[in-house]
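If you look up Swiss-Prot, you'll see Asp77 marked as active site. Look at Swiss-Prot and you will find Glu147 tagged as active site, proton acceptor, backed by sequence analysis. The Zn(2+) 1 binding site annotation in Swiss-Prot covers His75, Asp108, Glu176, and the record cites sequence analysis as its basis. Annotation comment: Swiss-Prot describes Asp108, Glu148, His365 as Zn(2+) 2 binding site, evidence class sequence analysis.
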Amino acid sequence: MPSNATDALAIAQDLLRCPSVTPADAGALGVLERLLHAAGFAVHRVTFSEPGTADIDNLYARIGTTAPHICFAGHTDVVPPGDEAAWSHDAFAGEVHDGLLYGRGAVDMKGGIACSVAAVLQHLATHGGQPHESGQGSISFLITGDEEDVAVNGTVKLLQWAAARGETFDHCVLGEPSNVEALGDTIKIGRRGSLSGTLIVDGVQGHVAYPHRASNPVPDIAALIVALGAEPLDAGTDTFQPSNLEFTSVDVGNPATNVIPAQARAKFNIRFNDRHSAESLQTLIEARVQAACGNRIRARIDWQPSNAGAFVTKPGAFTDLVAAAIEDVTGRKPELNTGGGTSDARFITHYCPVIEFGLVGQTMHKIDERTPVADLETLTQIYRGVLQRYFA
């Protein structure tokens, strides 16, 4: 356990020293379990399985039994460190140098979890060991070890497990690194959806000297790529930027220079706003492909399953409360933003309003991932401000 159980830096260092490269836990959830159990939380460790994937350990802890109920969510798994020799400091040592805490997960998101735990423990220590002196209210932690990989045995199943137990949540703070430049500049109130597919064009293989005996899919797939990018998917909304389709690879699997290939494939991803669902986008894209094919090109799309729909937490009392806590500590009025990639908030939104607010994300997933120690202290103060206002 940390030498100071309510100190965010000490908690973060203990977490960073657990090399929990997804799907490994490496003791990270145990660090949290010991801290929360000692503070009076009812702590549950739950393992979920899925054929073809690793078994994943998860943690759910709650103190209090009544509303209002605020949940802090997050993940303790991290991406691989890459070339560890390229790191200035050991990726799993949790070392501080020149006021910066180094380590894989310092930003994404062990640092954020450490701040939320420290803030909650400090809050409880000044409120008689309860969310509110009256005994009303609940605080919980919903922590998974399966976010950075396939995300099938983590938050999505932990929420289902909690709901089956009768757990209900009023609001959730997900401590992902939401800030762009400085702590306090951004609250994520939603995320775009994500849909991936492979455009496949069938041709007829043949010798390049006899093109009339073959059908070359390469110029055909190039024409379809141009056609799909020619017209915007939408113009955006009040809370989302326009949906965007990006091709990420074009492949024919043909090492020869004298053979017309039989097939061409192009992979793409769409980041979409709340004007679409995955199903409506599939219909739209397939219609555009067929229109561009005419009666000559033979094309189809192989869609990947998507569990990442667009969502937004409408600005209101809860976002105002969090923004006020941020401005009170940092002096910054945060932007309410829906940019970036997907997160586990896409699962949480089906159970309660959720916002994302954590550290600054500039070094996440990079060599020498790091965060200023001062930011850990500031984020802890902000979370404490959220709790003070929430249980006022």
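Yeah, the Cβs are placed from backbone N, Cα and C, and that goes for glycine too.
These numbers come from a predicted model, not from an experiment.
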Going by DSSP, is His365 (Zn(2+) 2 binding site) part of a helix, a strand, or coil? coil
When the Cα-Cα distance from His365 (Zn(2+) 2 binding site) is computed for each of the recorded positions His75, Asp77, Asp108, Glu176, which gives the smallest value? Asp108
Collapsed DSSP category at Asp108 (Zn(2+) 1 binding site): coil
Just how many other Cβ atoms lie inside 10 Å of the Cβ on Glu176 (Zn(2+) 1 binding site)? 27
Pairwise Cα distance for Asp108 (Zn(2+) 1 binding site)/the residue listed as 'active site' [Å, integer]: 9
Cα distance (Å, whole number) from the residue listed as 'active site' to Glu148 (Zn(2+) 2 binding site): 7
Identify which of the binding-site residues His75, His365 has its Cβ surrounded by the largest number of other Cβ atoms within 10 Å, counting every protein chain shown. His75
Rounded distance in angstrom between the Cα atoms of His75 (Zn(2+) 1 binding site) and Glu147 (active site, proton acceptor): 6
Distance [Cα-Cα, Å, rounded] between the residue listed as 'active site, proton acceptor' and Glu176 (Zn(2+) 1 binding site): 11
Quick note, the residue listed as 'active site': same-chain residues at least 6 apart with CB under 8 Å of its CB -> Ser20, Val21, Thr22, Pro23, Ala24, Asp25, Ala28, Thr144, Gly145, Asp146, Glu147, Glu148, Asp149
Neighbour count (Cβ, 10 Å) for Glu148 (Zn(2+) 2 binding site): 22
DSSP-derived class (H/G/I helix, E/B strand, else coil) of His75 (Zn(2+) 1 binding site): strand
Let me know the most crowded of the recorded positions, choosing from Asp108, Glu147 and counting other Cβ atoms within 10 Å. Asp108
